[in-house]
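I'd like to ask some things about the structure below.
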């Protein structure tokens, strides 16, 4: 068959483009440290507000998505990203930190909606044997946004070596790209219209009532599969404040930060896509792939973060900003490669999380709740970590906390991976979810 806009692949690719334009551009700004502002405290506190609201509305957004559908849920989320970047542009002229922080909180609401809808589509739309591939496709397209945003920031600020905020042109370009993403969201098809090549529809439960939906969401706190993954969820964005504000934002010059981010997000593209192919390898059963995948990412993060300990010993929170530049040559290569491996590990970690949740169900309604729960816990961790960063915590302490959380995630993930089956339960009803966990 030829191209169909209502095919699962077309819809997931469309969501990838939307996330390229909105969260991708946000990631490019956020990874510069403080949203590209010299006074990073405003950006750090905006991130605290963002992830606090994200945690609350991430949990509730499963219900919102199941009622509104993907088009309007994602469109509203896109508008929140536009508001936040507009607040940074405003800050360049007014120094109105309160507006930026409030916009961060509103972005938390919108991001919770967007990412919950995206997660449900990415996990529910593909066939079981293609879930890793769809996750890889999405992650590659999405991270192209951060690469593009970093290229734009580097091009505009190439001659800037002394610390200063991003100029208006950078923010304006980002706003235009985000606007394109918001308009693209309006073209998304209803989940009920999405069909596989043989005509099969996506599995969707009928929306019960708001009370029933909230009860189904709250039951996730008692669902053992979700509970054992909480440490993994919590750790999955915790390290961003350390990566972006401490390593990149503190150690490097503004133009070098942009170059670093091009390679950081490019590493995520390669890491997610290649790791997703491993998870979809059909030569062994799904349980074996789950165990292989966990072993690979565990070895990778241990090696990377041990290297990070040696790097972190070279500068502290009490030192003046080192402002290292790529023009330094050989001494720049080691920290660059460490930063790239941080990005690669992040992509593999989150790809694995989505793949594990996708192995639990094929129902878009159930998976939207799983995605919302994941984003709730993830954002709780991010809010705490950005606050830890904002209060001037010693950098080595930040690193050790990140490393410890990643290590504590492994036992729960291993417990679940050892119980993965080759096929998801197809006929779980919302009110039976917590009772049928022993069938998984």
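Just so it is clear, glycine is given a Cβ too, placed from its N, Cα and C backbone atoms.
Automated prediction, rather than curation, is the source of TrEMBL annotations.
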Looking at 30-47, 48-65, which one does TrEMBL call transmembrane segment?
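That would be 48-65, per the transmembrane segment entry in TrEMBL.
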What range among 269-290, 291-312 does TrEMBL record as transmembrane segment?
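Residues 291-312 are the ones TrEMBL records as transmembrane segment.
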Which listed range (48-65, 224-242, 291-312) shows the maximal number of Cβ pairs under 8 Å with respect to the transmembrane segment (97-117)?
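Between the candidates 48-65, 224-242, 291-312, the best contact partner of the transmembrane segment (97-117) is 48-65.
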For the transmembrane segment (170-189), which stretch among 12-28, 48-65, 332-355, 395-418 has the most Cβ pairs under 8 A?
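Most Cβ pairs under 8 Å with the transmembrane segment (170-189) come from 12-28.
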Does the transmembrane segment (72-91) come close to the transmembrane segment (224-242), meaning at least 3 CB pairs under 8 Å for residues 6 or more apart?
no
Do any residues, 6 or more residues outside the transmembrane segment (395-418), come within under 8 Å Cβ-to-Cβ of it, and if so which ones?
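Same-chain contacts beyond the ends: 225, 227-232, 234-235, 238-239, 241-242, 246, 250, 287, 290-291, 293-294, 298, 301-302, 305, 308-309, 312-313, 315-317, 349, 352, 356, 381, 385, 388-389.
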Test the contact criterion for the transmembrane segment (137-158) and the transmembrane segment (12-28): 3 or more CB pairs under 8 Å, pairs 6 or more apart in sequence, then answer yes or no.
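In contact, yes.
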Which of 12-28, 48-65, 72-91, 291-312 shares the most C-beta pairs under 8 angstroms with the transmembrane segment (332-355)?
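Per the Cβ under 8 Å count, 291-312.
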Counting only residues 6 or more past its boundaries, what in the same chain has a CB within less than 8 Å of a CB in the transmembrane segment (72-91)?
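Same-chain residues near the transmembrane segment (72-91) but 6 or more away: 15, 18, 21-23, 25-26, 29, 35-37, 42-43, 46, 50, 61, 64-65, 97, 99-100, 102-104, 106-107, 109-118, 166, 168, 171-172, 174-175, 178-179, 181-182, 185-186, 188.
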